[in-house]
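Quick look at what TrEMBL annotates:
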type: BINDING; residues: Lys55; note: ATP binding site
type: COMPBIAS; residues: 322-333; note: compositional bias 'Low complexity'
type: COMPBIAS; residues: 334-355; note: compositional bias 'Pro residues'
type: COMPBIAS; residues: 403-413; note: compositional bias 'Low complexity'
type: COMPBIAS; residues: 421-432; note: compositional bias 'Low complexity'
type: DOMAIN; residues: 26-281; note: domain 'Protein kinase'
type: REGION; residues: 304-360; note: region 'Disordered'
type: REGION; residues: 394-446; note: region 'Disordered'
Amino acid sequence: MEQTQSTGTDSGGNAVGAGPLLAGRYRLAESIGSGGMGKVWRAHDEVLHRVVAIKELTAGRYVSEADRAVLHQRTQKEARAAARISHPAVVTVHDVLEHDGRPWIVMQYVDGPSLADAVKESGRIDHREAARIGLAVLGALRAAHAAGVLHRDVKPGNVLLARDGRVLLTDFGIAAIEGDSTITRTGELIGSIDYLAPERVRGGDPGPASDLWSLGVTLYTAVQGVSPFRRSSPLSTMQAVVTDEPDHPDHAGPLAPVIAGLLRKDPDGRPGAERSEHMLREVAEGRTAAGAEEQEPTRHLPYGERQSAAAQPQPAGPPFAPAGTGPATVPATGPVPGPTPSSPTVPAPQAPPSGPGRRNRWRTTLVAVVVAAVLGGGAGFAALKYADDGAPTDNAGGQSANDAPADDTTAGDGPAGGPTDGTTEGATADGTAGEGDAGSGTTPEGWTRVEAEEGFSLNVPQGWERQVSGDQIDYTPDNGRHLIRISVGTPDFDTPYAHMLSMEKSVQNFPEYARLQLAPNNYRDKAKAALWEFTWTEKTGNPGKRHAIDQIYYSDDSGTEYAIYMAGPEEDWATTRKQFDAVLRSWQAPATDTGQ
């Protein structure tokens, strides 16, 4: 139905009337953030004459009926979670409505940046201010835990800094509510990878201590300007969360022992909320936090018994690793993790430092973290979450590979746009054989040439849609059941082979994992290249045996790490492998990389 428009100003003096009217009441004014799951709008409540924020779940346009139902359930759950909590540091949810067949959440509008924005702007936050922010977030978490709610996605992008000095915690979109049935699929782990607690990465049940770990990572990021566990791929990031100690936060001052306590690998060794509040208050008031090593066990809410086999406590080790030890951390301008076995990512534009300690942070990204399907993206949209580590991006998922609606006229017996028998024959894994020259840019019938805005280009089957996971680019016809993923970044390892061996250690415990090949190879005569092929069995989402293959190489010139990955059901593998070979043959790195 066409909506009439009105003009005027809201209570803040902002012009309204540019957007449609929702539920006869809420006038959309402007988009203030976006991502693969949707947009956040500033809007005007024409009944109560106030400014509100409205979250539009645009992902509902691109998902199956079954996943749309899950999306609606999660929207309702987010509203219920926030409604349970009465605390000045929790963003209030005013209303939940449906418009154009999609859920919308009406929330309190906060005039001010996120903590992620503030870190990106200033490089880092003073330790006393970080302690003040931490106190407010901790207060919100204590209120949530007392109400039986775990947030599960505490991070700088979800901490809002109002211009009047208030600090508010937002986005309970993946919260766990005590007594509610879970909507998350078995084996699905959602959130921002480098802020997840070790027990969550291992598959254990989360408790209040898991939120406190995420608060500790948030405080570390605030004072240092860089996340302590972020690496160049999701699996290496998860491995770092579980096994690595962070470098000492040399800008944390008296906040360092507080952070050290919160970042203990064993959840029972972390200080509880009351002790953490006392220590944060001392730092905020200009005193040294005393007794940070005197830990009180953190009470676990009854979300089910802890999975002792998957979540064995690890030795706490020293609070921080000496600076420069262990795997190198990725600078703030480095890649944001997302879910593939190789997962190097597109680096953010390099910018010169603007002051001491300045580190530019990533723009808002999407992160899909699906433990049981991390190698193939099989859980689709349901695991996509905002990872607001910087300013919002306008790039939402769901656009077609050629920026046009998906072609429904695909042939073959597979899913629409999925594997067909019309793929190019005769290609080889090293990209040196088959129809057309390697990297020639020719496009066979039934394929579409993609000139990605990131600079690379390749052929993808017609009808496969572009989806963005962080700065990793996916092409899929069916929400990840069949998947091409392109990742570009700065390597953490001397060779792709070493990188793959490290990642394999993290995935060997996946159900029925089997290595088919993992070895250096000769991809376009690159000095450093390797190929990894493997299978595993996915228990949920798209249950069944899955097959994946990953080609990584380093540019001879720039040293940039490129990963070209493809996965699909085992029964389709003969066709999927032909498609992979054709993708490799068509691949062209950005023209700026002369050593492509």
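Note that Cβ sites are derived from N, Cα and C of the backbone, with glycine treated the same way.
Taking the Cβ of the residue listed as 'ATP binding site' as centre and 10 Å as the limit, one finds 24 other Cβ atoms among all the protein chains shown. Model confidence over the domain 'Protein kinase' (26-281) is summarised by a mean pLDDT of 85. For the recorded site, Lys55 (ATP binding site), the DSSP three-state label reads strand.
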